[in-house]
């Protein structure tokens, strides 16, 4: 990639806490205008990477560049062009929606007049116009998350760093956040997104890095990763004797994984397997297209831990 077009560049980054390695020799780049995802279970190192990008903690070794600034040495210069959506809301609960935006803008040295001028458009973006004078403590979880996103845009940042932006939200609120993020990408914003939601990564990310125990185990476009590592239909089988089922369908399967009480069968011709399972009332069988959950299971031998 052309380095002048990079919003983020990590080379050989390592971070340990005591004897525990949290991020291990990690390298990746994020192009300006793209949504790049860090996908992995809790403990994979996603939040630690985000904190290093923001200059909140320093790597033990390696090189980090954010918006052409070396981090952490020039983290402050980079941060004025970065918007941050933390994993947990840190809004002022007794302030109104409008007051939260007004106060946050002052952290960037913005004048009261400038902040007042941008607040209406941020309220409209977050679909909170009718809640402008409502205390944050009275908002729903989805509304608080949209306000946190709007607050991160107060300084019109070039880059958004979002740590698990939809954790704890119901499906409707999650989809509304996704719609707002797609609107930002259409405006040319760059987004770094950490998530353990497979659907979120597939819907939003142009490219992603799959992490396991601080190590990169795969990187690429979501559909390319699915095609490379799975490339066929998936049959989930629950119930029965898994060892017997494995032997029964092995001749017709490209690959078989067992996770918990579920057998995952990857096959180019799933009908051949369905014929041999017909009439098995003790089984629950689901046939579906492959997804990123299958990629993670294929690479690690286990499901994504929420």
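Sequential numbering from 1, following the chain as shown.
Any Cβ shown, glycine's included, is placed from N, Cα and C.
Now, the feature entries from Swiss-Prot:
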BINDING   40, 41, 42, 43, 44, 45, 46, 47  ATP binding site
DOMAIN    8-238  domain 'ABC transporter'
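Least packed by the Cβ count within 10 Å, out of the binding-site residues 42, 47, is 42. When pLDDT is averaged over the domain 'ABC transporter' (8-238), the result is 94. Using the Cβ center of 40, 41, 42, 43, 44, 45, 46, 47 for ATP, the list of other same-chain residues with Cβ within 8 Å runs, in sequence order, 194, 196, 211.
The binding-site residues 40, 41, 43 differ in how many other CB atoms lie within 10 Å of their CB, and the one with the most is 40. Around the Cβ of residue 44 (ATP binding site), 25 further Cβ atoms fall within 10 Å across all displayed protein chains. Annotation for residue 46 (ATP binding site): spatial neighbours 38, 40, 163, 164, 194, 195, 196, 211, criterion Cβ-Cβ under 8 Å with sequence separation of six or more. With a 10 A radius on its CB, residue 45 (ATP binding site) counts 24 other CB atoms from all the protein chains.
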